[in-house]
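Taken from Swiss-Prot, the feature topological domain 'Cytoplasmic' applies to 1-9. If you look up Swiss-Prot, you'll see 10-30 marked as transmembrane segment. The topological domain 'Lumenal' feature in Swiss-Prot is assigned to 31-500. The N-linked glycosylation site annotation in Swiss-Prot covers Asn59, Asn62, Asn79, Asn265, Asn303, Asn418. Positions annotated as region 'Disordered' by Swiss-Prot: 62-110. Swiss-Prot lists 75-86, 96-108 with the feature compositional bias 'Polar residues'.
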Amino acid sequence: MAAPRSRRCSLSLLTLFSITLILISVSLFVSTKPANKPFLDYRNQFSISISISSPLEQNTTNTSFVSASPPLSPLGQSNTTNTILASSSSSSSFSDHQNQNKSPSPTSKKIVIRKRSGLDKIESDLAKARAAIKKAASTQNYVSSLYKNPAAFHQSHTEMMNRFKVWTYTEGEVPLFHDGPVNDIYGIEGQFMDEMCVDGPKSRSRFRADRPENAHVFFIPFSVAKVIHFVYKPITSVEGFSRARLHRLIEDYVDVVATKHPYWNRSQGGDHFMVSCHDWAPDVIDGNPKLFEKFIRGLCNANTSEGFRPNVDVSIPEIYLPKGKLGPSFLGKSPRVRSILAFFAGRSHGEIRKILFQHWKEMDNEVQVYDRLPPGKDYTKTMGMSKFCLCPSGWEVASPREVEAIYAGCVPVIISDNYSLPFSDVLNWDSFSIQIPVSRIKEIKTILQSVSLVRYLKMYKRVLEVKQHFVLNRPAKPYDVMHMMLHSIWLRRLNLRLGT
């Protein structure tokens, strides 16, 4: 039965009144919504990626906000037009009008928060290290001429200890990869590889990265010495000395890791390195110079006339490692018992030694030069009795003599051309060694006799101080030769900026 007319009117009025109240409430809610409250603000830790899509058109607009950006404004503010583009559509003109006057519904936006990339973190970390080193360099807290900038070096080493991570590629099989000689004059190659590649109480390095994305640099564990031994020998013809097989092996390895991982292509090899003391090691890049243009070679044979690049490559010391030992004997003899002015004993390898022998072989009691020691004369003990130890280049510029002299407390006399000395980024070689060009070999005695006693005693003291940087420890210790090699790599990485 139909309701009375008066009752229907009352219901209509009540319904109209309710609708009016609802509209007023909605209007108040929209008008009181804060206009400037940040939507998200993770400026210190994250980059923000926001995707807004139309439910009908399925269009997507991505906007990234880097950590230096201001706080994000509400998505519906008109002043965000240039930053965030929102797409929506409807078949109703009323809906179009409503969309122009209110924020998009929460269901129309997708918010994705992503952490900064691994490279961003690494570059940020390196920037902090650079700032700390620069600050330390300006304070000059250290007083010493052993280093070019003592404060900068010590701060840099501290930053390296706290931050530096190295990833060793796992690709490749022994004996050509992940293994190297640990004795004799090429031994530093295998010792370094063992430190960075092998797990164990004596080899687990603090610098090894747990994951490649956390690494600052990447070590290619390629043994030139093992390639020569297993791939080349025996060499029975002149053609057997061709470097083609060596080139093919290293280039194929780089192709594998560059295809499998993003890191080589990201830096064009600028944060990748190898270490070798073999005479052929400098030649690894000659097969494809463009590919290895930025690649870091850690070389004993650091000859600038044969392609060594001091601003890219790293000069490492050649250390003779007797079997079962980590270096020559220590001979800290007092200057008072050093009666020999200068000493050298060794084979006539290379042109420089031929010139040395021509002028000094067994010709002087103060400058004692031998190709073979006389009976009853001990090599190590004679170094310990000498003030200066002659270190002429042999077939190559590098020689174990420099390190042997330092171990013996004997001031090194470096006779070479085009030799980029180890760790010369930080060490002031002039403070603890004498450098004589090949053209002045005949003047050796005059030059050394002109060194005053005061200067000699200072140099002797610094030889004892610098020795710690040429000592091989397993596991490695701060400031030893292993850490100095890594520090040279660390400096190259500090000079490289990626992703900027």
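Cβ atoms are placed via backbone N, Cα and C, with glycine included.
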Would you identify which of the glycosylation sites Asn265, Asn303 has the most other C-beta atoms lying within 10 angstroms of its C-beta? Asn303
Where does Asn303 (N-linked glycosylation site) sit by DSSP, helix, strand or coil? strand
How long is the line from the C-alpha of Asn265 (N-linked glycosylation site) to the C-alpha of Asn418 (N-linked glycosylation site), rounded to the nearest angstrom? 32
Sort Asn265 (N-linked glycosylation site) into helix, strand or coil using the DSSP assignment. helix
Would you kindly give the Cα-Cα distance separating Asn303 (N-linked glycosylation site) and Asn418 (N-linked glycosylation site), rounded to the nearest Å? 6
